[in-house]
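Worksheet: one structure, shown below.
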């Protein structure tokens, strides 16, 4: 069973899982990895101007031999004149239009949000992007945009995982109420960046019950929160593992609640960082003692002169 699509508020449909070309592919040739993702079963490619690889993403698309209609392409604005930035991205991707164009960071438009969003609306009106949206917007920033937007953003792509779910809950609820799809990146943070935390236990328990991997359990958790997924890997086996999440039975209400509760406790503090901080304090104190004693010796020597 494929992952399926999510219906956007403008009537378009977006594949619910995307292959991302940031992180490990940042400023690197993504051609072979894009081809591999498409061969594995991904149809949604997520890139950005700041990733510095839109040209190789375009190359991967061409070399795949797939029809444009079989693909869904997202890219993101990263500053400068908005219309020029759109044209540059299209030229690098070698496409006439993208399916989704996002404001990558709110800081890029915060000083002139109304005018900037109007430029995005023109991009949609002119057919250069079928849908427009934002990325990394907080609740307050999204509310500010909504006050003047004629076209409601279709998507808000955010860093989303069990350890920050509690702080994003109001944002998710507001987005859902306005038909804005939340799309997650870095969802595997509890495994890749913050292992050993409270979330590990309920995830492992659910994985045992389902005969799945912890990675799959977390992605299933994201899916059941009604959130689309952007993920990546250079490994075909891992990509296959991600796509197989669509075939997993749902997590139970108790399993979801256990992951939510564990996530609200936050990740376990990195002991190595604590140790480094303690060593820094000890080093600083020793340096002070050495300096103080050395100065005292100088004062005594001067007294004898």
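Glycine too: its Cβ is placed from the backbone N, Cα and C atoms.
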Handout entry: The annotated transmembrane segment range in TrEMBL, which must be one of 255-276, 277-298
Key = 277-298
Completion exercise
Here the recorded positions are 76, 104; the one whose Cβ sees the most other Cβ atoms within 10 Å is 76
Problem - Distance, residue 104 (substrate binding site) to residue 51 (active site, proton donor) (CA atoms, angstrom) - result: 11
Completion exercise
Using a 10 Å radius on the Cβ of residue 51 (active site, proton donor), the other Cβ atoms enclosed count 23
